[in-house]
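Enquirer: My structure is below; once you've seen it, I'll send some questions.
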Amino acid sequence: MATTKSWINAARPRTLPLALSGIFMGCGLAWFYGAIHAAVSVLAIVTATLIQIFSNFANDYGDSQRGTDNEFRLGPIRTVQSGEITKKEMETGMIVVGGLSFLTGIMLVYLGTWHISKIAFFTFIGFGILSLVAAYFYTAGKKSYGYIGLGDLFVFLFFGLLPVPGVFYLNAGFLQGDIFLPAVTIGFFSTGVLNLNNMRDIQNDRNSGKITIPVRIGARNARFYHLSMILGGWIFALVFTLKHFHSFWQLLFVVTLPV
C-alpha cells in the first residue's frame, strides 16, 4: 500500500506555485480593478491546486505506461515507475482528486456566475471539464498530445490565457481587455518552465518516442525558443504596466529580468 510520503511525492508540491500563478494573477487583477471576491478567490486556489495534483497523477501514470519514466530519465523518480504506487492505486487517486476538483469547481462557478448569467455558469463548467480532460490526456491515454509536441500549447492556454481572465471574471463579473496582457505573460513564462524540463529530458524523450518541441527542433533552437518565451512575457508585462503607469515602483519587477 502506498505511503503518505509517496502520495506527496506524486502530487509534486513544487509544481503548485506555477499552477497557481495564473490564479493569483487573476485575483490580483480583480483587486486592482476593485472587484475582488474573497470566497471566489479561495475556491479558485483550492480548485486549481486539485486540478494540478490530478494532472501530476495522470502524468505519472501516463509516462509509466509508455516507458518514458525509466532509469535514464533525469529529475525526480516517479512513483508509479518506481513501484511506490501501483497503477491501480494511482487510478483511484486520480478519481478521488478529480472528483474533488470538480466538486469545488462547481461551487466556485456557482458562486461566481449564477447571479450573473446561466450561460456563463455552464460555459465555465465546460471549461472545468475540459481542464480535467486536457490534464489527463497530456501524457495518459492512447492519443496523448504531450507526445506530439502540443504540451506547450496546453500550458500556454491552461496556465495563462484561460485562468487569468477566467478567475478575473469569476471575481468581478465582467472582463477588461487589458487583463489579457498579463495573461499572455503568465502563459509565456509557464511554457518556458515546461521547455526547461523538456530540454533537460531531450535525450530520454527522443529515445522514448516523446516528440517535444526540443526533440523536434533540436537543443540549440530550443534555447532560442526559450528566450522568445521569456522576452515575450516581459514585453506583455511591460506594456500592461505602462498602460497603467502611476509610479516608478510599478517597474520594480524589472530587477528580476535575467541578464
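Just so it is clear, glycine is given a Cβ too, placed from its N, Cα and C backbone atoms.
As annotated in TrEMBL:
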- 15-33: transmembrane segment (TRANSMEM)
- 39-58: transmembrane segment (TRANSMEM)
- 94-113: transmembrane segment (TRANSMEM)
- 119-138: transmembrane segment (TRANSMEM)
- 145-167: transmembrane segment (TRANSMEM)
- 179-196: transmembrane segment (TRANSMEM)
- 224-242: transmembrane segment (TRANSMEM)
Enquirer: Out of 15-33, 39-58, 94-113, 119-138, which stretch has the largest tally of CB pairs under 8 angstroms to the transmembrane segment (179-196)?
Expert: 15-33
Enquirer: Are the transmembrane segment (94-113) and the transmembrane segment (15-33) near each other by the rule of at least 3 C-beta pairs under 8 angstroms (pairs 6 or more apart)?
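Expert: Contact between the transmembrane segment (15-33) and the transmembrane segment (94-113): absent.
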Enquirer: Can we call the transmembrane segment (39-58) and the transmembrane segment (224-242) in contact, meaning three or more C-beta pairs below 8 angstroms at a sequence separation of 6+?
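Expert: Result for the transmembrane segment (39-58) with the transmembrane segment (224-242) is no.
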Enquirer: When you scan the chain for residues with a C-beta under 8 Å from the transmembrane segment (119-138), skipping those not six or more beyond its ends, what do you find?
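Expert: 47, 51, 54-55, 58-59, 62, 94, 98, 101-102, 105-106, 109-110, 112-113, 144-146, 151, 154, 158, 162, 166, 169-170.
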